[in-house]
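Trainee: Supplied in structure tokens, the structure appears directly below.
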Amino acid sequence: MARTTPISRYRNIGIVAHVDAGKTTTTERVLFYTGKSHKMGEVHDGAATTDWMVQEQERGITITSAAITAFWQGSEKQHKDQYRFNVIDTPGHVDFTIEVERSLRVLDGAVVVFCGTSGVEPQSETVWRQANKYGVPRIVYVNKMDRAGANFLRVIAQIKQRLGHTPVPIQLAIGAEDNFQGQIDLMAMEAVYWNDSDKGMVPVRKPIPAELQELADEWRGNMVEAAAEASEELMNKYLEGEELTNEEIKAALRQRTIAGEIVLAVCGSSFKNKGVPLVLDAVIDYLPAPIDIPAIKGSDPDNEEILMERHADDSEPFSALAFKIATDPFVGTLTFVRVYSGVLASGDGVINSVKGKKERVGRMVQMHANAREEIKEVRAGDIAALIGMKDVTTGETLCNADKPIILVRMDFPEPVISVAVEPKTKDDQEKMGIALGKLAQEDPSFRVKTDEETGQTIISGMGELHLDILVDRMRREFNVEANIGKPQVSYRERITKNCEIEGKFVRQSGGRGQFGHCWIRFAPADEGQEGLQFVNEVVGGVVPKEYIPAIQKGIEEQMKNGVVAGYPLIGLKATVFDGSYHDVDSNEMAFKVAASMATKQLAQKGGGELLEPIMAVEVVTPEDYMGDVMGDLNRRRGMILGMEDTVSGKVIRAEVPLGEMFGYATDVRSMSQGRASYSMEFKKYNTAPSHIVETVTKKQG
């Protein structure tokens, strides 16, 4: 089967934003204008097409990123052929940053939505940082221009100041608030208006209003200057006073956007149907096709040192990244993949190169929100869902078994909060186990474990809302009613002293014995190393090299049990430098136990300390309640970092220990008569004060 759309006309994009910037409404309009959905879904009445989980519709926030395929030929059909958009809708709530992170990982470009009134909000910064991390080219869309207090150029200034990027507007707003009418197109130098009769489908172009002509000339000049910086040739032309053609300007802005040097900005009101078609035009004009970005990097499964890459080309060996697992009520498990190279037909065999397991692809579907279309094959650049994968987890690579590769893995954050869950009835025990297993497979930032001493099931995640929603899903999707314990902080531990410790495990009484012996130098890890920093300095084969991995494993396993109060050890440097072995009795198990015994002794010799998670907290409050809010944060052992005025109120930034923040949502509402809001995300681990250490060690007994 030949390719229906050339890869140069693919756009894999995400629509990302802060919670209330109007992202889901924007995605809805994208579907409406691209002709895929005939009734506009509104988040306000819980009917949006991409919010397909019941809780999302109730809470009005988007939790799972649905991948949707749509087509666009231009707002005025200015392109001869259609472009194929794969649009991923992502959550903006900070408890779901993992969802945003994994979507950005597989996108080629993003539309970042800001609210015209509140501008750059705390989580906009989080999302922006994630997009920087993966080098995603982006366009800024300032939405909600019809809202009270909306101001396009103020938001542009905020982006420059708070996000450190220089936005280049290619439009200006005509009017604002109730008087928002449309945009000035700085490329065509025309005013663009929208009709209610066709729900803002086709732009109506007119001359620029006289009172805005001067402003338009000024910003057109800024845009042309940004374009001229793309190359020496254009710069010389510009400096010599020659006019640049619109074609030259467009090509230059596209080049600089894809290189991540600039961010183009447009404006509109998705809810009032004023401007989304021009956002889609900008996606075609300025965001990259899969062939415009560097080849994906990876490594050889047999030797991580050997780096490899795959180009976006059908003739290269097949490779794809599983970026999301979802459980579907009708077909079971859906594995969403981004295909980077090659072709895959249904019925083909592939290998999961991370686990070394073979998989056979059953059916393949492309999603349109929660409707689906069966397809027979996928090619480089496609995003699709595979049905029938047995053992694939988010972030793993599927590839051609003869030419394996492991694509760059995703980083998943460590959970910071845990609660105990138990089923309400004995009969639900097994069902709960299955449900939690499925949820953990879908969401790598959610962990499940059994407490060996109490037998309780402990679930851990990124915040209270994260765990609430997972427990809620367990009830709805798997019919498991569960009781939830009080939230517990996930503490960590580290050592403060350097020490050398001998680990020796010897059993030699009749028959095959055991002999493992190693000397390990322990120290706090180097800056920036969070887990185990393992160094092998054994010389002369006093410990054969095949036993070194067992020593590392022994240390890693013992680190989980901590040295102060049973919490995992982090930031540990362990250097194995000496030891001995026995020709007959030594084996991997014996060295693993010896290393584990040495690590255990850190409790006496390592000067262990308890660490507590510190959260970056931002509270937005009317000025009247500022004193109360700050006083309360101080009482919670918070450190106030700063304050600033915004349209939405005073913004207080602080760092507060997570243990002091439980139930804060209710407290901050009652302090401010429901008018303050807050957001928080994990920042770092800090040494816990003595009274916390005392309480925690007592509790652990």
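Here the Cβ of each residue, glycine as well, is placed from N, Cα and C on the backbone.
According to Swiss-Prot, the protein has these features:
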type	residues	note
DOMAIN	8-291	domain 'tr-type G'
BINDING	17-24, 89-93, 143-146	GTP binding site
Trainee: Would you count the other C-beta atoms found within 10 angstroms of the C-beta of T90 (GTP binding site) for me?
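Mentor: Neighbour count, Cβ to Cβ under the 10 Å cut-off: 28.
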Trainee: Where does A17 (GTP binding site) sit by DSSP, helix, strand or coil?
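Mentor: The residue in question, A17 (GTP binding site), is strand (DSSP, three-state).
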Trainee: With every protein chain in view, what's the tally of Cβ atoms within 10 Å of the Cβ of A17 (GTP binding site), excluding that atom itself?
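Mentor: If we count other Cβ atoms within 10 Å of A17 (GTP binding site), we arrive at 29.
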Trainee: With an 8 Å cut-off on Cβ-Cβ distance and a minimum sequence separation of at least 6, pull the same-chain contacts of M145 (GTP binding site), or say none.
Mentor: G116, F152, A173, A176, F180, C267, G268, S269, K274, G275
